[in-house]
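Features as listed in TrEMBL:
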{"type": "DOMAIN", "residues": "15-113", "note": "domain 'Ras-associating'"}
{"type": "DOMAIN", "residues": "147-281", "note": "domain 'Myosin motor'"}
{"type": "BINDING", "residues": "Gly240, Glu241, Ser242, Gly243, Ser244, Gly245, Lys246, Thr247", "note": "ATP binding site"}
Amino acid sequence: MSVHDVGGRRRFEDSEFTLRIYPGVIAEGTIYCPITARKITSAAEVIEQVINRLQLDRTKCYVLAEVKEFGGEEWILNPTDCPVQRMMLWPRMALENRFSSEDYRFLLREKNLDGSIHYGNLQMWLQVTEERRRMVERGFLPQPLAKDFDDLCNLPDLNEKTLLDNLRSRFKQEKIYTYVGSILIVINPFKFLPIYNPKYVKMYDNHQLGKLEPHIYAVADVAYHAMLQSKQNQCIVISGESGSGKTQSTNFLIHHLTALSQKGFASGVEQIILGAGPVLE
């Protein structure tokens, strides 16, 4: 086996997948709970994530079940079974369209004191959740609450784990900016994202910090308009480890500031400032 094969296989093992766990009557307000898992993630670890996400009663015992057709037989997974490995055996149509006639799903079930599984009426519940999903899509019911917070100060339980989990969840959605009050946290995506064009410059022009999705343009805009109103110099501190993207963040700040000062028109001033950046560094 070549080194390339070993590296490729390791990357595949570390790849993350999204599992949709349907809690049914255990959490009636939730159609499904998306859980990020790897190929080696066990069913017990997935259940623990669902309990944390949905804030379920920890005094009860839960199991994960796999169903391969609408209202069909359920296969209870052992705690050491790996749901991602089982999902990879599903047909492509089941993976691409979760609401198809071949209704492959993972269900969360409650285990009774005598060891039996409390199933409830699976077919009726699936029909109700499908109708609720259609109502949400048509605007007759509110959208499910967001699972992440764009300001870490709004986390209901603020600790290192919830903070990192929130940043990780946003990063997977390519939301690299997150506020902590008036502080902006940036995670380097190591790729270009289409969020720096003139449309975003105009969008964040003269908006209060926190009214729109976190963005470095919002910080630049607040500093610029504070300078105009107070007629005093403003300072933006950029801090981070080597390779974290401080230089690129500086470039985005300069781009937005020059665009505001030139009322959106391109200017040679921006290129002169950006060109002096490497020399100053």
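In case you wondered, yes, glycine gets a Cβ from its N, Cα and C as well.
Around Gly245 (ATP binding site), taking its Cβ as the centre, 18 other Cβ atoms fall within 10 Å, counting all chains. Cβ contacts within 10 Å of Gly243 (ATP binding site), excluding its own Cβ and spanning all protein chains shown: 9. Residue density at Gly240 (ATP binding site): 12 other Cβ atoms are found within 10 A of its Cβ, drawing on all protein chains shown.
Fewest Cβ neighbours within 10 Å among the binding-site residues Ser242, Ser244, Thr247: that distinction goes to Ser242. The number of other CB atoms found within 10 A of the CB of Glu241 (ATP binding site), across every protein chain shown, is 8. Neighbour density for Lys246 (ATP binding site): within 10 A of its CB lie 16 other CB atoms from the protein chains shown.
Other residues of the same chain near the ATP site, with their Cβ within 8 Å of the Cβ centroid of Gly240, Glu241, Ser242, Gly243, Ser244, Gly245, Lys246, Thr247, are Asn188. Secondary structure of the domain 'Ras-associating' (15-113) per DSSP (helix as H, G, I; strand as E, B; remaining residues coil): 26 helix, 30 strand, 43 coil. Helix, strand and coil counts from DSSP across the domain 'Myosin motor' (147-281) read 66 helix, 9 strand, 60 coil.
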